[in-house]
Amino acid sequence: MLSIEPLAAFNDNYIWLLADAEQQRCAVIDPGDASPVLAWLDAHPGWRLEQIFITHHHADHVAGCRALQAASAARIHGPAGERLPVCDQWLHDGDQLTLLDRPVQVLHVPGHTLGHIALYCPRQDNQPPLLFCGDTLFAAGCGRLFEGSPAQMLASLKRLASLDDDCLVYCTHEYTLSNLRFALAVEPSNPHLQVWQERVTAQRQAGLCSLPSRIDEEKAGNPFLRCLQPEIRQQLEQRAGRTALDEVELFATLRAWKDVF
Ligand SMILES: [Zn+2]
């Protein structure tokens, strides 16, 4: 059984560390900085870093890889469609491998970057499914469209939203509160958002990470999965200055609004 903990990096990044206490081994996802991982290893003598997974090529997700590789025997798994500083195994959509002892499936989810991947661990025994999705789906939000089109990102988010309701969503940034502020501006009458905001406000005041979220929670509150909701559509068509927008146009309008919110 794996335990999962967030290692804080930079201003608001999390490097997810998965630990297998029985065998004293661990894996990390998106180590943009080696130092928090090396500090964790220093505090856990005898443990081995065995695997590093990369979701996409941005520096705040990959810049720690070389130092961690030099300090351990970790194998680096990264997206085949991206240029990375170092990689031992290039991952393609549909690939199946193991993350320590959990089977994991590779999902290609372009939008934030073109080669972006997410890692999905199906349910195992009584452990819920897990999703490590980098900068695609955020709690109550989504990543910026640096390389992909709105249509690509919308398709990627829909693919993630089709996973199990109780799937735990581990994204890479602590953006939840600001995303919820935006979500409430977009859909003020959504009762889930108020509850979610109260919970996350309390977590942040206690210095806690607001993640993971869950797929059912995202479907109930994340505006980027809810463009077709009447209240959201009305707001977006008002912003766009025309009606009868299709879903991709609604999504593009919403993303552009968030960019300037
Ligand atoms: Zn990024």
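Heads up, the Cβ atoms here are built off N, Cα and C, so glycines get one too.
TrEMBL lists His56, His58, His112, Asp135 with the feature Zn(2+) 1 binding site. Residues or ranges marked as Zn(2+) 2 binding site by TrEMBL: Asp60, His61, Asp135, His173. The domain 'Metallo-beta-lactamase' annotation in TrEMBL covers 12-173.
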Which three-state DSSP class does His173 (Zn(2+) 2 binding site) fall into? strand
Cβ atoms other than its own within 10 Å of the Cβ of Asp135 (Zn(2+) 1 binding site), all chains, total 25
I need the CA-to-CA distance for His56 (Zn(2+) 1 binding site) versus His173 (Zn(2+) 2 binding site), whole Å please. 14
Whole-Å Cα distance, His61 (Zn(2+) 2 binding site) to Asp135 (Zn(2+) 1 binding site), is 10
Could you measure between His173 (Zn(2+) 2 binding site) and His112 (Zn(2+) 1 binding site) for me? Cα positions, answer in whole angstrom. 14
Please report the number of other Cβ atoms within 10 Å of the Cβ of Asp60 (Zn(2+) 2 binding site). 19
Taking only the Cα atoms, work out how far Asp135 (Zn(2+) 1 binding site) lies from Asp60 (Zn(2+) 2 binding site), in Å, as a whole number. 11
